[in-house]
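Here is the structure we will look at, set down as structure tokens.
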Amino acid sequence: MKFLDEAKVYIRSGDGGNGCVAFRREKFIEFGGPNGGNGGRGGDVVVEAADGLNTLIDYRYQQHFKAQKGVNGMGSDRHGANGKAIVLKVPVGTQIFDEDKETLIHDFTTVGERFVLAEGGNGGFGNAHFKSSTNRAPRHANPGLPGEERWIWLRLKLIADAGLVGLPNAGKSTFLSKVSAAKPKIADYPFTTLHPQLGVVNADGREFVLADIPGLIEGAHEGAGLGDRFLGHVERCRVLLHLIDATCEHAGKAYKTVRGELEAYAETLADKIEIVALNKIDAVEPDELKKQKDRLKRAAKKTPLLISGITGQGVPEALRALAAVIGEAPVSDKAKGAADNAANAEPWAPQDA
């Protein structure tokens, strides 16, 4: 299952059914009177946050959704049936935007949450409705009202308690694979991770969801590398774990590069609680490690944790620091399911809007 976090969709609710013009015709009844029924109501377009989903890939292959039209009224005072609503199922964390991609319509945060995106048109009145003391045989009926139609954008922001950020090849995927059951692709080249990965982490008996976000490079907010499109997935995180590669040229500059991209994306993201860790400490000599630690401490204005995703050194301390910020709230079943599903997702590939 491929990962897709944005899709453009056309929706249309059902038109209302037309009212009917009919008269009662029975033997020995000369003036039967009107008995045309009303038209049925058109179906609604409903969006529902479903459990077990972690991608919008279904909307890559189908972009048009139309609800049923209401059935027309009939004679003998028979009203038309209402049109069947159509339900679009999306992952928890999905946001609905108007066609301008800026106007937020709804944000789904809980499993089972439903939102009526377009209401069906009302059915028209049959001629029986217009019978009065002065008009005993009306010969007109109302047509059904048209349904609503619009283009919308679906945008997914994965729900996680903590997010991993850093430059490409900083060891984020290795860290996630060591602390959870997630199986991200790991290799010794930049941009190995092409889509967000989720893992459920247990630290001191407390569970939380950790998201691995594809690496950022300088100029990501302008589209360089993979761009900053995946940063939306950490907007909901309560804390960020910023990993810096100890084998890089200058740990302080690496830290400032990522911080600059976070600030360029959104001030709220840059203001999140951040835990800084110097990773891959097993791959450098003690003297070089001390230099890198000092550089990072000056840049971050805090003492970084020293960890190694390969050997596990310092990893428990990092997890305890994350858990302390997140608190003791247990992870939801939805988050666990999303993490398991995300671990089996195929690599992300660019998709057309």
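Keep in mind that glycine also has a Cβ here, set from the backbone N, Cα and C atoms.
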Would you please say which range out of 2-23, 178-199, 244-265, 332-353 has the annotation region 'Disordered' in Swiss-Prot?
332-353
Mind telling me which of the binding-site residues K172, K280 has the densest Cβ neighbourhood, counting other Cβ atoms within 10 Å?
K172
Could you tell me which of these binding-site residues, N169, S173, S308, has the greatest number of Cβ atoms within 10 Å of its own Cβ?
S173
